[in-house]
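Just below is one structure, and these are the notes that go with it.
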Amino acid sequence: MAHKVTSANEPNPLTGKRLSSCPLTRSGVTEVAQIAGRTPKMEDFVPWTVDNLKSQFEAVGLLMAHSYLPANAEEGIAYPPLVHTYESLSPASTCRVCDLLDTLVNHSDAPVAFFEDYALLCYYCLNAPRAWISSLITGMDFLHILIKYFPMAGGLDSLFMPSRILAIDIQLHFYICRCFLPVSSSDMIRNANLGYYKLEFLKSILTGQSPANFCFKSMWPRTTPTFLTLPGPRTCKDSQDVPGDVGRGLYTALCCHLPTRNRVQHPFLRAEKGGLSPEITTKADYCGLLLGTWQGTDLLGGPGHHAIGLNAEYSGDELAELALAITRPEAGDHSQGPCLLAPMFGLRHKNASRTICPLCESLGAHPDAKDTLDRFKSLILDSFGNNIKILDRIVFLIKTQNTLLDVPCPRLRAWLQMCTPQDFHKHLFCDPLCAINHSITNPSVLFGQIYPPSFQAFKAALAAGQNLEQGVCDSLITLVYIFKSTQVARVGKTILVDVTKELDVVLRIHGLDLVQSYQTSQVYV
């Protein structure tokens, strides 16, 4: 059921003026900026800051409480968070976050600084992994902005409720549909088609039922191939490796060679000083929040895993203690935790892997996680001269060399040591969503300190629609969602083969070298 939104042709009940049909376009930002003029200087908003989350911890508890699946599956049809999530995934529904922004912007004199801070949050989302931790942090940062610029708006203290805004709406707006991205009119129909596929297969992930009457081979758009359109450096051998069904229309202008893509210059001190320099301090990490939230769940517990416990590395950690103090809903499935915040909407298990990847979570939770995993991957590839299986290499390195003990941060080290060899194998070599998360995550953006002289100009450029570039092309991520649905929903063998064959080609085009997707679909979730 689609929820009601105010039409652009209806007069605003507060001002009598007609609402803008797209309040956050580049032209809309410019128009509002001219009207609003200059506003008194406020304290700079910096996303991905622990203090933002601490200041809204009641809202954290509210959002988490409504992010549990029902403990009794038979009650799911009437379980408010699940009903809300299902409705938001309907192609006939509108984006609830866009609706809220439209109402706030058009019913008040929004200052220019609001658009700058909102655009800055969107920029951070483009450099963050699609993960549970990202959805939670983004939701709290978004609420922080709303309270800062619209203090007179009623109900913001209870924003995260069914029929208002829940985890799925944060994910759809900031990570799945990315409603904030500039788009040309020529791309609208193509984006609408891909958007429909995303929603249908995300719904499939939620319900465990594949879309009816879907034939991938005939419905997924593919045209005449040409290796000349493929981005990134390629050799003659590379071109021969690409099968003949790569679509020119899908993988050209918006395509990205992820390992070599150029990143926008940003005003973050850590990056300008040369990366992980020890004298440059970074923002606090969120590892304590992960530990406190997932203690007592099945995320890292069970066969082959070390049960989560607040060990010495986390004693006295404020975020861990705050997370432990959050009341869990009686009707919720505590074993899966607040899993509706995660991209896969649940916590499923297969061969010591989980649908919530603990390594993807570490990317969004700690500034050193990506470099640590990169070093570990290099060690896996280079430490053995004979043909030892990748998984065996991981097991040997963890058992015999205590590889993870050289991680400087004790909290990150403790989190990684709770992961199984299969977690590392899946994340570093197998799963396409993990590979995309790892490639696009930029720790210098998420955790770097701000360099004030260029910060304001950078925010102004973002508010004008500049530098908001899709980190990964829409066709690739849509195909990955289709693939992920085949791991948890029952599909025919023909569809599975068609999807994995296409995905292998597209991953190679984008510079992501993984094991065959069919193998991943059979071994992990």
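Including glycine, each Cβ sits where the backbone N, Cα and C put it.
The Zn(2+) 1 binding site annotation in Swiss-Prot covers C95, C98, H173, C179. Taking all protein chains in view, 16 other C-beta atoms sit within 10 angstroms of the C-beta of C179 (Zn(2+) 1 binding site).
Cβ neighbour count for H510 (Zn(2+) 3 binding site) (all protein chains, 10 Å cutoff from its Cβ): 26. Feature annotation from Swiss-Prot assigns Zn(2+) 3 binding site to C255, C256, C473, H510.
According to its DSSP assignment, C360 (Zn(2+) 2 binding site) is helical. The C-beta environment of C360 (Zn(2+) 2 binding site), restricted to residues of the same chain at least 6 apart in sequence and closer than 8 Å, consists of P129, R130, A131, H427, L433, C434, N437, H438. The Zn(2+) 2 binding site feature in Swiss-Prot is assigned to C357, C360, H427, C434; the stated evidence is sequence analysis.
Under the heading compositional bias 'Polar residues', Swiss-Prot lists 1-12.
Positions annotated as region 'Disordered' by Swiss-Prot: 1-20.
If you take every residue in the region 'Zinc finger 1' (95-179) and average the pLDDT, you get 96. According to Swiss-Prot, the region 'Zinc finger 1' annotation covers 95-179.
Residues or ranges marked as region 'Zinc finger 3' in Swiss-Prot (evidence: sequence analysis): 255-510.
Marked as region 'Zinc finger 2' by Swiss-Prot: 357-434.
Note: the Cα of H173 (Zn(2+) 1 binding site) and the Cα of C357 (Zn(2+) 2 binding site) are spaced 22 Å from each other. In space, C473 is the closest of the binding-site residues C357, C473, H510 to C95 (Zn(2+) 1 binding site), judged by Cα positions. Ranking the binding-site residues C357, C473, H510 by the distance of their Cα atoms from the Cα of C98 (Zn(2+) 1 binding site) places C473 first. Reduced to three states, the DSSP call for C473 (Zn(2+) 3 binding site) is coil. Within the same chain, residues at least six positions away from C357 (Zn(2+) 2 binding site) with a Cβ under 8 Å of its Cβ are A131, D423, K426, H427, D431, L433, C434, N437.
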